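Among the features that TrEMBL reports, region 'Disordered' is placed at 279-316. Positions annotated as transmembrane segment by TrEMBL: 20-39, 46-67, 79-101, 121-144, 164-188, 209-229, 241-261.
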């Protein structure tokens, strides 16, 4: 039998009353960090961070949907908005992480130390992320259409939608695990290369940022797989606190970490186009003493030996 909210007697939009204060808090937090990312993207011309900004927008609009649902848990449209946008936002975060590593590898001229060429690395992982995104979005769309038709039809759509979402989330976990291995291999190899270690750009700090954000997204994806595998009656989906602990807070952490350690500072295109950036990046402390303090890379004239030239001959 189809319920008043558009599902079956077994399926409920919410098995609790959504918290309005919690939703408002995360609307504000995600909006602040997203708008700060817009400023940072403009400042550093970091166009590769646009996917993150779109993901952040998904998040605060999604929590706005939850805020509306707090007043009416039987309204379908706010439920659909929050379900789809909060589910899909992290896929855009993941795409950004993939692009950052590709640019970092090229920035330090380390393509030969990566198991996968930087150009292919970005294409492969972003393509996998897009596929995961489409599967999750498609599954959520199937579930949102479960309000049409009889109870049997509605339940079959709900079951199918959950399975499609699980496939998309598992794909995301697999790609993220593989990405972690590729990043780790590159990192270990690059640490042994003199010219990369000699650079003053904080490339290892950027690697640590990638590890931290990747772990947060990975944990969130595992949580979502378990949540959807348990079904609409599951323990995780029936308690709102788990959503805020294992999704909201973790994804906010990703956004804030990338605010504090913004990849644009390292991968600033204007700096790449500056012919003097190589001199700026050379760690002069590794040069012989006679060369230190000299931006030209050559010994100062005071340290050059004096050689007397031939005397001029006077002709009468």
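Keep in mind that glycine also has a Cβ here, set from the backbone N, Cα and C atoms.
Just so you know, TrEMBL annotations never went through curation; they're auto-generated.
The transmembrane segment (164-188) is in contact with the transmembrane segment (79-101), judged by 3+ CB-CB distances under 8 Å for residue pairs 6 or more apart in sequence. Residues 76, 80, 83-84, 87-88, 91-92, 94-95, 98-99, 101-102, 105, 114, 157-158, 160-169, 171-172, 175, 178-179, 182 of the same chain sit 6 or more residues outside the transmembrane segment (121-144) yet have a Cβ under 8 Å from a Cβ within it.
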